[in-house]
Every structure is written in C-alpha cells, then in structure tokens.
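Enquirer: Annotations per TrEMBL:
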type	residues	note
ACT_SITE	Glu1145	active site, proton acceptor
BINDING	Cys43, Cys48, Cys51, Cys73	[2Fe-2S] cluster 1 binding site
BINDING	Cys112, Cys115, Cys147, Cys149	[2Fe-2S] cluster 2 binding site
BINDING	Leu259, Val260, Ser261, Gly262, Asn263, Thr264, Arg265, Ile266, Phe275, Asp298, Leu345, Lys363	FAD binding site
BINDING	Gln659, Phe690, Arg804, Gly961	Mo-molybdopterin binding site
BINDING	Glu694, Phe806	substrate binding site
DOMAIN	5-91	domain '2Fe-2S ferredoxin-type'
Amino acid sequence: MNFGNNLRFYLNGTGVEIDNPDPDTTLLNYIRSIGLTGTKLGCGEGGCGACTIMISSYDKISDKISHISANACLTPLCSVDGKHIITIEGIGNVKNPHPIQERLALLHGSQCGFCTPGVVMSLYSLLRNNPNPSEEEAEGCFDGNLCRCTGYRPILDAAKTFANNMCVESNGSYEPQENVGCGKADCCKLNNVDTTFNHNFSQIKFKKYDPTQELIFPPSLMKYMSEPLHFYGSKTKWFKPVNLNQLLSLKAEYPNATLVSGNTRIAFLENLQRFATNQIRNVSTLGGNIIANSSTSDLIPLLLSSKAIFSLTSLQSTLLKSRSVPSVSFWTGYKQDCRESSEILEKVFIPCSNYGQYIRAYKQSKRYYADNAIVNAGLSISLDDNAHVQDAKFSFGGMSGVVVRAPKSENFILGKKWGDEDVLKQLIEILCEEFQLSFSVTGGMATYRKTLVVGFMNKFWYDVTKSANIASISPDIENCIGEIKRGVSKGIQTIGRPEKGNKIVGKPISHASSMKQTTGEALYVDDIPKINGELYGALVTSQKAHAKILNIDTNQALNIPGVKGFFSAKDVPGNNSWGVIIPDEEVFASKEAIEQNSFFPMTPQLARGDVEKGFQDADYIFEGETRSGAQEHFYMETNSALVIPKHEDDEFEVHSGTQNPSSIQEKVAGVLGITNNKVVSRVKRVGGAFGGKETKGPYLALALAVGAWHLKKPIRCMLERNEDITITGQRHPFLGRWKIGLNKDGKILALDSKFYANAGWSLDMSPVVVRACIFSSDGCYYIPNLQFIGYPCKTNIHSNTAFRGFGKPQAIFILESMLSEVAERMGIDVNELREKNLYVEGQKTPYNQTLENWYLPSVYQQVKETSEFEKRRKEIAEFNSNNKWRKRGLALIPANFGVTFPVLHLNQAGALVHIYTDGSVLISHGGVELGQGLNTKMLQIASEALDTATNLIINTSPTAGSVASDINGYAVHNACKILAERLKPYREKMPDKSFGEIVKEAYLDRVNLSANGFYKTPDVGYNLEKNEGQMYLYYTTGAACTEVEIDTLTGDHIILRTDLCMDIGRSLNYAIDVGQIEGAFVQGGGWCTTEETLHFPDGHLLTKGPKNYKIPGARDIPQDFRVYTYEGAKSSNLKTIHSSKGVGEPPLLLGCTVFFAIRDAITAARKCNNNKTPVVLRLPATPEKIRIACDDEIVRKCKVEKKDGEIA
C-alpha cells in the first residue's frame, strides 16, 4: 500500500502544503504558530469554544459543500486534508469588518474579548449554512461557547439581528416601523412594550449582510483527489485510508490503533441538541460513541432499548468478513466490547418502531446544555391493542460502570396493563430494589441517581399513557410530562440620563477595543510574537495536598530533548518569601478547622449595642447555620506571562495578564535581588480576571523570572486550564452560624453571627475578605444590637483569594438565608420581614457611618412595582396548584455595596496626559483593562474635559481595583482640566479652529502640553479600633426580582424572568454599565446554581475544567431579562467623577435571587407533600440539591444512608 506524506488544505483562501506534519499537533497549535493568534486557547478540551473555527468540505457524491464549526484545540492538524479552514482573520478586519464582527462590537457583545473570536466563528458557521436563521437557531449556535463577562444578552441580541424574523431593514439598519414592527404577531412595537435590544441607541445602522460575498470554497479542492496518507512523529503514527479495504488492512496490522473519527460523542432523535455542543457534534461519529462505551453515554441506552444491530467487519486474507451483533450482546464490560482485534464497527442498524411501540430518551445533567449526563435512560415498551405490555426494554446510564438494563423491571411489566396506577407503584418498588447504590458509590449522589431512575419512569409512564390514549391523566400531571422548555430570550435595558451638559460622558460608546476583539486583532500575552531564542516554561506542582518534599529527582526530565533546566527554591537569587507564612497541619474543610481550632491569627470583629439585652427583649429567638460554596473565577484567558531579560544592567521586561502590574514589578525585583526600577511590568489587556489575577498573578511571573535569570533567555508560559484552577484559588466558601432575636412584629432586635471562611493553605487576601464579609453582614437592614466575628480557617486546599464581591456576596447570602428560614419558622412572609427592617435615610451602620443619599427603599419599591410582584405571586400560586411536578418560585431581594478600598493608601490614583501637536492625546493611568470598559470611560472623561473627539485619544494602562473608574477617572479628569485651562486662551482667540490647530498654536507659544493628574478619595478613613471615620465614600444599591420554574422529578430549573434595578448615579457609559450589571448578575446566578467545586477526600480538586465545572451558558440566563437604572436619586450630591458610581461588583449580589426563587419553588413542592419544615438548601442549588430538598415520597423511598466507614 502506497502512502503519501503531504498534507494539503486551504487556510483563509490560501493553499497550504505541509510535508509529514506531526500527528500530535492540533490545528490550533498550527494556526497560532504561523501568527494567526485570533483563535484562542481557553481550555484545551473543547468545552469553552474560544478556539472555534470553521471547516468547509466538499462531498463529490452529493456535489455539496458543508460548513461546520469545530474546536481547533481538539482537531488534529492531520485531519484537515482536502478541507478549507476559515479562522477569525479570514472573514474581516478592523478596516473592513464582517457584519457579524461589526454588530457584535456595536451592540456591546465583547468585554474582555478573549471569547469573542470563537463567538463570531460560531455565528459565522451558522450563517454560511443558513443565511436566514430563526431566532432559536441564532441563539442555539452558541451552545458550545462560554463567556464570563457579558451575561450573553448582548451577544444574543447581535446574533438575532441576522434572524429572519427580526426588525432589520433591507439596507441593514435597525429601525422598526411604528405600528408595523417586525411582522410577528406578538411584536413588542404593537403593544407599547418595547423589548428590543437597541435601548442604548437612538438609531443603529449596520453593514448589510450579503452571503454572496463570503469567501468561496476553493475550486481546486473540489477537484482534489484524496490519497492514502501516512504521517509520523516522535510518539504517534497517523494513517488516512481512503477506502474500506485500506482501513481493514491497517486495522489488522495495528489492532490497537484508535480510529480518530470515532473518539467523540454524538446521538440521535429529539435529544440531539443536548448532546455535547455544536462544535463537538459537527466532528463526531456514531461509532465513536458506541466504541467509547461510556457509562453515561447519551446514545447507548437508546441503542439498547431500540434493539439496534451492529455490523462488524474485518479483512481475512483478502476477503471481507462481516457479522451482525445485537446491541445487547456488544458491550461486555467497562470499556470492553465483543470485537476481535482486527474488526471495525462498519454499520449500525436501528429498526423502525413497530405499531404500539413507544421509545423515549431522558437525560439529567448539572447544566441543561453542553454537559455530561448524571443519569440518562432509553425506555421502550410495546403494547397490544388492550394496552398490555408485550415487550419492554429499560436501559440506564450513570447507574454503574457501564450502561445497564433493568431486567427485573422489564420482566415484571410484561403482560401487565399499562396505565394501571397500581402497576406503576409496583414497578417503582422493583426499580428501587433493582438499583442498589452504596453511599460512597463512584460519582456520588447515590440518592439523587436513584430518584432520577424513578422520575424518568414516572415521566415515561404518563407520556405513553397519554400518547396511546390509554387513560385520562389529571391536568396537574399532564403538564409535567416533558422537560422544561426554554423560549427565545428577550430583555429590556432602560437607561438613565447623562449628567446635564455632558457631550460625551454618559453616552453608550462601544468598548474602545471592541472591533479589535471581534476581528481577532486584539493581542493578549500569549499572542505576542515569539522572540528569538525564546523558551517555554512549565510549572511542576505538588501531587499531594499536605506533604513534605524530601527529594526532587530531575535526572529523567533533564535528559528529555529540548529541556534546558529545572529551577526550584534553592535557585532563587533574591528573596523567596512574601506574604504571611504560618506552620500548618492536615485539615481540608472549614468544619474540621473549627473542630481543631485551626485558624489564622486574624479575626476581625464588629459590634453595636447590647446583644444580650436584645435577646432578652425578643419574643422569638432562633439559631441556625448557613453554608455558601466556593466559586472558580474561570476567566477565559488563563494566567500567562512572558519574561524577557534585557542583557544590560540586570534589567527585565515582564508581560503578564494581571490585575496588579506594580505587584509583579516589586516581587520580580525582590525574587531576583534587583531594584524595582530594573523591572518593567507591562499589561496591554487582560482576558478576564474577577479578582483571580490580583494576588495570584505573581506566581507564574516569578517562576519564569528565576528561569530567565539563570538561562539568560526569554521564557513564556500560559497555564493550562487545569493548572490554573488548581493553583490560583477561588471564592472563599463560608460557614455562618447565627442567633437572631425578633419581636412579635417582625423587627430584628439582636443578631450574633460567627463567620468561618475556608482560607486554604495561606492567608492571601483572606483577612480582608473576612473583614468585608462581617462589615456587610447587616446587609440592607437596621439591627440595633449585633455582634459579628470572622475566622479565616487554615486548611490544606488551594489558597483562596479575591473574587468579585470580595466577601460581600457570602455575607448577603448568609443573611438572606437566615431571614428566609426565620420567616418560615415564624409563619410570616419573608418579604414583610425584609421591608420592616430596611435601613432608612439618616440611620447609622454598625461602623458608625450615617446613610446619606440612601435610595434603597425606593429602588426596592420600584422593582416591586415594575415586576408586578404581588400579581405574579398570585399567578405562581395558581400555577403551583395546577402542576404536580412543576413548581415556580419568586424572590425579591435588595442589595447594598459600599464602594471604597478598605486600605486607605489604595484610594489614590495618578494619570499622565500628553497632547501631541496634531491634536491627538495619550493617556497613561493606573488602571488595567479587564473587559470592564475602564479605558473607554477614561477616553470619554478626557474627551469631555478637553472637548475633543474620542478617536484622538489613546490609552495605556497598569494596575486595578474595584473602584478603578472612580479614582483613575478623577486623576485623568484633573490632568485634562489643567491642560484645558492652558488651552483656554487659544480657544477664545480661535473659536472656529479645530482642536489640532489650537494645540499647534499653543505649542508654538511654548505651552506645556503634558500634565499630571492626581486624585485621592475624599473623606474616607475608617479606624477599626475606635469605630470611627468614614468607611465608604458611597453605596451602590439595587434590588432584583427573579422567577424560576423547577422540575421536581429531576431538579432542573429555568430562570423565567429577572427584573433588576440599580442606583448607579450618572453613568459614565450606560451601555458598558448595563453590560457589567448583566454579566455580574449571571456570574452570581452561576455561583448559586451550576458552579459546584468538588474535592476528593484527600484534598485533591476534582473540578478542574469545563468538563465538570459548569459556568452558565447562553441558555442559562434569564429568559426575560429586564434591567433598569434608578433615576430618582440626587446624584449631584455624589463626590465622584461626573456623579457616577462603581458598578462592577454590586450586581453580583443580586444573583442570589435565583437561589431564593428556587428555594421558594421548593417550599411550594414540600407543602404539596405535607412537609412544612423550613427548607435547608446549601449553595449552590444544583439539580441534585433541588431534587432532594423537595423531599417527597420518591426521595424518601430512594434514600441511601451512609454506613460506618463510608466516605462522602
């Protein structure tokens, strides 16, 4: 057999030929290595979509060209022979963007920008196949793309401008006609309820999309005759046969070889949309799922229940030999099947269903889309004309190491009358007996998994009963047979007014780098072109959670070709300690830390009044505890750094994706034993951070700096996703123990709370996080007598760190959980309890700050009215009474966020502004662009102060904080005001001249065109010991109302609607601030629901990537998302830049409304089961926890008790 070794394909319209490519090279590695860095590496496992590209191929038999989206990180380079690959660079650029790139930028669909190229390419692939998609298709194309910044709403809005039922004129403009609208029967323009997406614009004009102008499929590839290929590398051989005989010959020669086209999962029938993602489905095969033989395969249960038959083929000498194997006989054990070593799976025969046969598929996962099954099922029965069961096949995945049948249940049901309730009860009993799981079963969730088996059978029973018209079904059951279906998203963004007189500040200008981000031209650290002689660094991490390193043997590693050196602590030339170092012992959880008194010696406290007297005066006293979970930052760009030794005076240049470049400079200098001025720390932009790159950024840069010092070579590293998650720490899990006293009217008289934070192995930011928690634990409520104390617990997991919200989300969650439980115990409405205790203007906080400009009660009331809270509560009560296994819940919660750095010296900023003689302006300020639009706001501030166009102003940026716009904005403003004053005489003398001409004249007069601006936050400076001074400059307040629906048989939930209002003063840029609000809310909702961090009993982290750590996807956001800004405030009283407020963190607190709406729905379910005890629900509210908390007869029947010696 003759094989060629030349790979031929096209890339962005250009032919490429590669001799003997390395089979281990991915398409992503190749395209990035040749400078096409727009395609990003986000996870390396096909779970985030940042690496999405389009693959086009031509089928000679059908004479058709197909276009598919695919994950470049999973696509072997060798697999693209004869294909046309299109990357983000191939469809447009900043000067001539593709309509997708333009619309995504104009509609604020890109914040940090790291995920954006993948988002663009997913939509591009859809439009290449269908230029006129429906809204559902436009939203569905993103099921394989994750975004941590935007909250997805603006991305979906941009995508739907291409939908065939949207209000877009033929010329591309978006201007729905009054009284006509888009033509839909329920068009928002016809009922005076505007739910379109363009509230930030008076008029939008888009470039028209013309599918005939797309890059064509190369004609030469249509003529290309595929030939057998053989490529080989140092570890792998790759063969590409072109016919069955060649494949079988190779299989006989290499019996253990993997068939590459069969290594990913796919499925069929109506459940296809839930299998993997678009990108994975596009390149997957049916055979791959069968051969993979996963216990949670979404396909195998269906194949077993449908009695599929497999055709196995091999080559015996020169003759083909085939045999047919029933699916029930094919799989022989875990990852084993009946194939001989030379056989391949050639065909799969799935019989058509017979008359009277009913087959259904079921699946339950943590996240509805793009997630592996916890349990799935393929259920099939055949009925005679009298509804007696003639045949039954019940197959379940996730209940053992392999997909299993339920033979006892199948045998029992034969001959029985389907639809007989007594038969169903007996069938459920047998199912429970048939699936006996131990408490410590692999994968855990023993009780939940059993309830899913029973729940699926209940759904199947009533579905068939209805479909076969066997018996009437009560409406409360009939409504609950199927899955909760999500509709197309919609939303309202009602924005406020800019500060009076502003020309530019307050306007919804797009993110300054948005077009660069949508075209893939924005550079991140790992996109910087390689330097001559550059090396790549890799971290060697501990494999034990608690151990002493006795010896490191580097001999084998150093003998690997290409390895230049190994460096450890003994190789550090300077100071190798920073932070607080305290001896430890083996402790992994907060509860263990409490039992062993394992605390760091920093326990902040806060007290007011006389707590004991408050309890004496109370009519009710309750005690309890509440837990909040961890949360992974999951920024799309993992930590990365490039360290360059300058070979002169021991100088170093460090590029890093950090929030804190000054810390990088200081610590690299310290580790190398040189002065700070010899280290230049650079940050262009960061692909998301959320606090995770504040103190953790130096780790990577320091390690690389030591290697660069010794080798005198530039060293680069971008952490893999699993490394990043393992090393960098997360949001602190908290345990709150509380005792509360109230009078009979529901007024809180006393509260005594203790807060335990799992800090991990080092202090990091834990003391500050704990302090922020206790100083926020009064929430929005006046409590006359209180005592709070916080404990950072010393354990041996990763060291937890700063995260958006900084301890305040945990405080609010614990407080609101307490109020919900207390209200249930008292038998009163929790909303009444909240409203009776809300802070009012003029009251003092426990830290002695008088509440001024306090509009929270009005904000709360506005949300209550605009959300039609009372009306919807009645509608929900009616819905719940009419649905047995579906319940809805509603929650309305206020939030309060004090804005100022807790450490006084951090509340300052400087800026340098320079005007060039052509009128262009350069700004250097002290903030980092993390995607939050900071640079854009600085442009607007400078443009307003100098009265010039924003496109003449450029930014450079180091360091960051949650109050970045406040302090950096004023510093820029002050510098520009100095320059404006210097230019004032020339403006007056030359009123009709351009800004450039005025600047030129001033330059000729030798006017200084550079100015330094400085700002320090006024009036703040709290003294903890004396409990005096002002802690916060102001508060950003808000409230949100969220409605959810849960499936009480599975634990699934959907967010039906969220109404959210924030008092953000006079926004510097309403479009950017709305994006921050929505993104923070969705991130907070993820913390409360899908994002569950899990550890092995020995302390190892289990959830290290998108495969098992689930952040919200595009279809996990509120189906109806309404955002308002409060306009009743007297913002002129604010001592902030243009009367604005910080908005990056406060909305995250309101994400907990999702949790409390779920809790409300669970309460309704429990009442139906005559269980009126308070709900105990730990965060996050995963499907497992929701299902178990419903505590019905099925849960009690399926409960698996923990036995002595079993580990949870």
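Just so you know, glycine gets a Cβ as well, placed from its N, Cα and C.
Keep in mind that TrEMBL annotations are predicted by a computer and have not been checked by a curator.
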Enquirer: Among the binding-site residues Cys43, Cys48, Cys112, Cys147, Cys149, Leu345, report those whose Cα falls within 10 Å of that of Arg804 (Mo-molybdopterin binding site); none is a fine answer.
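Expert: Those near Arg804 (Mo-molybdopterin binding site) - Cα within 10 Å - do not exist; the answer is none.
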Enquirer: Cβ distance under 8 Å to Cys73 ([2Fe-2S] cluster 1 binding site), same chain, sequence separation 6 or more: which residues?
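Expert: Expected: Thr26, Leu28, Leu41, Gly42, Cys43, Gly44, Glu45, Gly46, Cys51.
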Enquirer: Any idea what the Cα distance is from Cys115 ([2Fe-2S] cluster 2 binding site) over to Cys48 ([2Fe-2S] cluster 1 binding site), rounded to a whole Å?
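Expert: Each residue's Cα considered, Cys115 ([2Fe-2S] cluster 2 binding site) and Cys48 ([2Fe-2S] cluster 1 binding site) end up 8 Å apart.
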Enquirer: Spatially, and counting Cα to Cα, which of the recorded positions is closest to Cys149 ([2Fe-2S] cluster 2 binding site)? Options: Leu259, Leu345, Gln659, Phe806, Glu1145.
Expert: Glu1145
Enquirer: Can you tell which of the binding-site residues Leu345, Phe690, Glu694 lies nearest to Cys147 ([2Fe-2S] cluster 2 binding site) in space, using Cα positions?
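Expert: Closest by Cα distance to Cys147 ([2Fe-2S] cluster 2 binding site) among the binding-site residues Leu345, Phe690, Glu694: Phe690.
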Enquirer: Relative to the Cα of Phe806 (substrate binding site), which of the binding-site residues Cys48, Cys112, Gln659 has the closest Cα?
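Expert: Closest by Cα distance to Phe806 (substrate binding site) among the binding-site residues Cys48, Cys112, Gln659: Gln659.
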Enquirer: Cβ neighbours within 10 Å, counted over all protein chains: which one of the binding-site residues Cys43, Cys149 has the most?
Expert: Cys149
Enquirer: Looking at the binding-site residues Leu259, Leu345, Gln659, which has the shortest Cα distance to Cys48 ([2Fe-2S] cluster 1 binding site)?
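Expert: Of all the candidates listed, Gln659 is nearest in space.
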Enquirer: Just the number: how many Å between the Cα atoms of Cys112 ([2Fe-2S] cluster 2 binding site) and Leu345 (FAD binding site)?
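Expert: Taking the Cα atoms only, Cys112 ([2Fe-2S] cluster 2 binding site) lies 45 Å from Leu345 (FAD binding site).
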Enquirer: Can you tell which of the binding-site residues (Phe690, Phe806) has the fewest other C-beta atoms within 10 angstroms of its C-beta?
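Expert: Relative to the other binding-site residues in Phe690, Phe806, Phe806 has the fewest Cβ atoms within 10 Å.
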Enquirer: What subset of the recorded positions Leu259, Leu345, Gln659, Glu1145 lies within 10 angstroms of Glu694 (substrate binding site), using C-alpha positions?
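Expert: Cα filter at 10 Å returns Gln659.
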Enquirer: If you measure from the C-alpha of Glu1145 (active site, proton acceptor), which of the binding-site residues Leu259, Leu345, Phe690 fall inside 10 Å?
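Expert: Matched binding-site residues: Phe690, sequence order.
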Enquirer: If one measures from the C-alpha of Gln659 (Mo-molybdopterin binding site) to the C-alpha of Leu345 (FAD binding site), what distance in angstrom results, rounded to a whole number?
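Expert: So the Cα of Leu345 (FAD binding site) lies 52 Å away from that of Gln659 (Mo-molybdopterin binding site).
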Enquirer: Excluding Cys112, Cys115, Cys147, Cys149, which residues of the same chain place their Cβ within 8 Å of the centroid of the Cβ atoms of the recorded [2Fe-2S] cluster 2 site?
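Expert: Apart from Cys112, Cys115, Cys147, Cys149, the close residues are Ser110, Gln111, Gly113, Phe114, Thr116, Arg148, Thr150, Met636, Gly687, Gly688, Gly931.
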Enquirer: Using DSSP, how many residues of the domain '2Fe-2S ferredoxin-type' (5-91) fall into helix, strand and coil, respectively?
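Expert: Counting residues by DSSP class gives 14 helix, 33 strand, 40 coil.
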Enquirer: Within the same chain, and leaving aside Cys43, Cys48, Cys51, Cys73, name every residue whose CB is within 8 angstroms of the centroid of the CB atoms belonging to the recorded [2Fe-2S] cluster 1 site, in sequence order.
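Expert: Here the non-site neighbours turn out to be Leu28, Lys40, Leu41, Gly42, Gly44, Glu45, Gly46, Gly47, Gly49, Ala50, Asn71, Leu74, Gly118, Arg721.
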Enquirer: Using the alpha carbons only, what distance in Å do you get between Leu345 (FAD binding site) and Phe690 (Mo-molybdopterin binding site) once rounded?
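Expert: Distance between the two Cα atoms comes out at 48 Å.
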